[in-house]
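> Got these off TrEMBL a minute ago, pasting:
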TRANSMEM  42-63  transmembrane segment
DOMAIN    59-439  domain 'Cation/H+ exchanger transmembrane'
TRANSMEM  75-94  transmembrane segment
TRANSMEM  106-128  transmembrane segment
TRANSMEM  140-162  transmembrane segment
TRANSMEM  174-196  transmembrane segment
TRANSMEM  208-231  transmembrane segment
TRANSMEM  237-258  transmembrane segment
TRANSMEM  278-308  transmembrane segment
TRANSMEM  328-345  transmembrane segment
TRANSMEM  357-377  transmembrane segment
TRANSMEM  389-408  transmembrane segment
TRANSMEM  420-438  transmembrane segment
DOMAIN    495-634  domain 'Cation/H(+) antiporter central'
DOMAIN    641-801  domain 'Cation/H(+) antiporter C-terminal'
Amino acid sequence: METNSPIQYLTFARSNASHAPLVCYARTMASSFGVWKGENPLVFSIPLFLFQVILVVITTRITAFLLRPLRQHRYISDVIGGFVLGPSIMGRIPDFNIMIFPLRSLIILDTMSHLGLVYFIFTVGVEVEKNVIKRKGAKALAFAAGCMVPSFTIGSLSGIFIHRRLQEATNEAAFITFLGFTLSINSFSVLARVLAEQKLVGSEIGRLALSSAMLSDICAWILLAFSIGLAQSDGDLLSSLWTVLSGITLLLFSYAVLKPGVLWVQRRTPEGEDLDEIYACVLLVGVMVWAFVADALGTHAIFGAFVFGLSVPNGPLGEALIEKVEDFVAGILMPLFFVISGLRTDVYSIKDPGSAVLLIIVVLAGAASKVASGAFLAATYRMPLHEGMSLGILMNTKGLVDVIILNIGRSKMILGNQSFTILVVMSVVVTTLVSPLLKAVVRPSKRLVFYKRRTIWWPNPDSELRLLTCVHVPRQVPGLIALLDIAHPTKRSPIFVYALHLIELTGRTSAILLNAAPADASPSGNQQAHGHGHGRIQAQSDHIFHAFESYDQYAGGVSIQFLTAISPYATMHEDVISAAEDRHAALILLPFHKHHTVDGGMRPNHPACRAINQSVLSAAPCSVGILIDRGLGSHRATRRITLLFFGGPDDREALALASRMAGHPAINVTVLRFVHAARAHSQSGSPKKERVVTVAGEDEERDWRIDEECVGEFRERWGGGIAEYEERVVSNAEETVAVIRGVDGIQDMYVVGRGHGKESPLTAGLTDWSECPELGPIGDLLASPDFGTTASVLVLQQGKGGAPADAMMEPKERVYMNKADHHRASKQIPGTRV
């Protein structure tokens with residue numbers, strides 16, 4: 001046998017005793033005495049294994065970084081990374097395999113990779129969410145079977161001819177079964193990631209695809225046991241039958257005995273407390289016990305791990321177990337498995353191009369059959385054609401289970417080098433094509449309701465104000481709710497709030513399932529829109545949901561809907577903007593990227609939160625507010641709010657919000673207006689107009705007149721002691737800072753405009769040492785710990801859809817919706833799920 005890969009030679013020799021290699025091990029070659037003794041560390045087992053792990057992790061991480069712009073699943077980068085280290089690329093370098101992957105090291109590498117595989121499959125079993133399947137029931141079953149059966153049939157029938165054409169010395173019946181099996185399965189975890197990347201998790205297509213894929217995944221693992229039994233039969237049908245029956249017995253035993261025991265452990269673990277170390281140790285060792293039993297029964301170790309995972313509920317217990325093993329297993333051990341797969345993949349083993357092309361055509365035909373089946377089933381269920389085609393495309397998503405099956409087939413000599421290599425490469429190619437094909441088929445959602453008002457800027461004080469509040473973690477909720485209450489919602493002047501929980505998209509599929517629930521129009525409904533799991537992310541989502549729901553129940557004039565958005569931090573701002581557009585929000589409220597600490601300081605949250613805020617500010621179609629919360633949520637009988645007004649669109653937006661606050665009986669609002677000394681002098685002197693123009697241009701003069709109008713309306717409405725108004729004449733930034741420092745009394749919150757696109761001599765120079773320019777010069781000053789204030793700060797930026805600077809928008813031009821109309825519009829518009 002000619003091969004460049006030692007693991008291919010080892011695999012071949014396993015089934016051919018006459019070709020078995022002789023590998024000699026020295027008893028003292030586990031670790032070296034060091035380079036100072038003149039020894040090569042790569043000759044010894046421990047340093048060689050460590051070097052292999054380092055090389056594998058670095059290679060797969062670099063590959064993932066290079067593929068990041070394509071937004072492909074990590075499965076793709078791991079497979080390609082293993083392929084790079086295999087005989088197709090790096091293996092062509094002379095002596096590379098002899099030095100880095102010698103034959104004597106592969107048993108250790110293969111064993112460790114399978115240990116990681118056992119625990120990874122255990123986490124897959126834990127994350128299986130049965131409620132996702134129940135929501136779609138027969139429809140999901142129809143799509144799962146409808147996509148699996150045709151592709152399995154194509155693979156099996158064509159496998160008869162392909163096996164004879166390839167002339168590989170493998171089991172023909174097993175080859176036919178494995179080929180059909182490989183074409184028919186899909187990967188639930190990779191599919192969930194694709195849906196999240198395409199913002200389709202909460203759509204009808206997404207929910208149906210998740211349910212169908214999960215059913216397909218479960219069927220795949222069960223059929224895997226049957227396939228392995230068939231592969232090991234060698235003509236002995238009785239042993240195959242015993243293997244299959246043993247697998248079924250293990251499954252039933254786990255359901256009847258293991259699952260009640262795991263539930264008992266869950267009841268013994270108080271809610272909110274860490275899992276006891278003894279319980280965690282017993283359960284994690286139990287995974288290996290089940291894997292050992294399954295392998296001893298003739299199925300495969302991973303089947304036992306998957307069955308054990310199915311017996312663990314996807315709740316706090318399952319979440320705790322996953323967190324204990326996930327990072328090490330997924331980040332360190334699993335790449336080893338893909339390298340083992342890569343060492344078996346050799347494009348130079350393809351000796352018959354005609355057979356290779358035929359096998360590629362069969363793979364593509366199997367993929368096309370899923371798309372055709374999806375279109376046919378869509379017509380049967382009276383769904384749009386593009387939705388059926390989208391489901392068919394999604395069901396072609398390959399993943400880890402596909403590579404596992406192919407490696408099992410190669411290890412048991414069911415697949416030869418040529419067929420194994422082609423199927424691995426085509427698995428990557430087909431999965432890579434899913435996202436672009438899905439983008440081409442899925443139709444973009446249309447805006448069904450046109451809404452003019454995209455800012456708070458009022459002339460109509462009794463209009464409904466629609467807000468989109470963004471929340472990353474529960475500690476941000478009290479300040480946002482306090483701000484909503486300060487905004488003074490009433491039945492006459494209501495506030496409609498969309499509470500958007502932003503969740504980072506990671507490799508964990510349980511987080512994605514939060515968004516797969518059916519929509520509900522109101523947070524007070526019984527159905528919770530974010531799923532039924534009870535993991536850490538779910539617990540946070542529940543906490544946020546119940547906090548807003550409680551406020552909704554006791555506050556008058558406010559209606560709240562709870563939303564979730566799951567995406568990578570790099571594109572999370574797109575979800576925020578899309579949600580604001582779909583719900584026609586007038587204001588987006590964002591939490592500051594730092595949180596208040598007990599000692600009075602500010603500690604950064606996730607570093608990506610700041611980038612999200614900056615992206616939203618630059619692209620939002622409506623007004624945006626950033627809240628620097630310094631204990632605004634604490635209960636107080638009265639609150640003091642001070643608006644620092646310098647003029648311009650952003651400050652007028654802040655004045656509009658302050659006008660709403662002024663109507664609150666427990667809120668004392670003070671508007672502190674800063675006027676340049678030159679303008680104040682020109683207004684008091686004789687040559688009025690000429691003196692003003694020398695200070696400011698025509699645009700600034702027009703802006704000043706609008707400021708005067710807005711301030712005049714505010715004073716007219718809230719004069720007479722309801723709200724305070726003061727003017728301070730200053731000449732430069734130093735005097736401005738001095739006035740702000742000298743504000744009397746303890747303030748609970750400052751409200752300021754961001755002042756973007758506006759240069760003022762009153763703030764000139766403040767931006768030179770600005771730490772957070774997205775807050776504007778005054779907002780950055782107040783947010784700085786050096787300034788010394790303990791008050792919260794709200795920074796506002798007027799949206800792009802605001803009124804032109806030279807004319808006030810008349811009330812009749814505004815378009816308003818009552819609550820019933822708003823609910824109907826929200827239900828009709830797809831996007832972030834309610």
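Cβ atoms are placed via backbone N, Cα and C, with glycine included.
Could you place these features in context, so I can see how deep they sit and what lies close by?
Residues 29-32, 77-78, 80-82, 84-85, 99-102, 104-105, 108-109, 112, 331-332, 335-336, 338-339 of the same chain lie 6 or more positions beyond the ends of the transmembrane segment (42-63) yet place their CB under 8 Å from a CB of it.
Sequence-remote contacts of a segment are chain residues at least 6 beyond its ends whose Cβ falls under 8 Å from one of its Cβ atoms, and for the transmembrane segment (75-94) they are 3-5, 8, 55-56, 59-60, 62-64, 66-67, 100-101, 187, 190, 334-335, 338-348, 398-400, 403, 424, 427-428, 431-432.
Packing against the transmembrane segment (106-128) from elsewhere in the chain are residues 6-7, 10, 45, 49, 52, 189, 214, 217-218, 284, 287-288, 291, 301-302, 305-312, 314, 318, 321-322, 325-326, 329-330, 332-334, 336-337, 339-340, 343, 400, 404, 508-510, 513: each is 6 or more residues past its ends and has a CB under 8 Å from a CB in it.
Listed by sequence, the residues of this chain that lie at least six past the ends of the transmembrane segment (140-162) yet keep a Cβ under 8 A from its Cβ atoms are 133, 172, 175-177, 179-186, 208-209, 211-213, 215-216, 219, 355, 358-359, 362, 365-367, 369-370, 372-374, 376-377, 380-381, 391-392, 395, 419.
Packing against the transmembrane segment (174-196) from elsewhere in the chain are residues 73, 75, 124, 127, 147-149, 151-156, 158-160, 162-163, 168, 206, 209-210, 213-214, 216-217, 220, 223-224, 227, 230-231, 362-363, 366-367, 394-402, 405-406, 409, 412, 414-415, 419, 423, 427, 431, 434-435, 438, 505, 507, 509, 512-513, 515, 566-567: each is 6 or more residues past its ends and has a CB under 8 Å from a CB in it.
Same-chain residues lying 6+ beyond the ends of the transmembrane segment (420-438) with a Cβ under 8 Å from its Cβ atoms: 70-73, 75-76, 79-80, 83, 179, 182, 187, 190, 194, 197-198, 200, 341, 344-347, 349-350, 356, 359-360, 363-364, 367, 390, 393-394, 396-399, 402-403, 406, 409-410.
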> How about long-range neighbours of the transmembrane segment (357-377): same chain, 6 or more residues beyond its ends, C-beta under 8 Å?
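142-143, 146-147, 150-151, 154-155, 158-159, 161-162, 165-166, 179, 183-184, 383, 385, 388-393, 395-396, 419, 422-423, 426, 430.
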> Report, as numbers and ranges, every residue of the chain located at least six residues beyond the transmembrane segment (389-408) whose Cβ falls under 8 Å of a Cβ in that stretch; write 'none' if there are none.
73, 75, 79, 117, 120-121, 124, 143-144, 147, 178, 181-182, 185-191, 194-195, 205, 208-209, 212-213, 216-217, 220-221, 224, 227-228, 231, 300, 302, 337-338, 340-341, 344, 367, 370-375, 377-378, 414-415, 420, 423-424, 427-428, 430-431, 434, 437-438, 441-442
> Six or more residues beyond either end and a Cβ under 8 Å away: which residues meet both conditions relative to the transmembrane segment (328-345)?
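Long-range Cβ neighbours of the transmembrane segment (328-345): 5-8, 11, 52-53, 56-57, 60, 78-79, 81-88, 91, 101, 106, 109-110, 112-117, 119-120, 123, 403, 406-407, 410, 417, 420-421, 424-425, 507.
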> Express the predicted model's confidence over the domain 'Cation/H(+) antiporter C-terminal' (641-801) as a mean pLDDT, rounded to an integer.
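On average, pLDDT over the domain 'Cation/H(+) antiporter C-terminal' (641-801) sits at 81.
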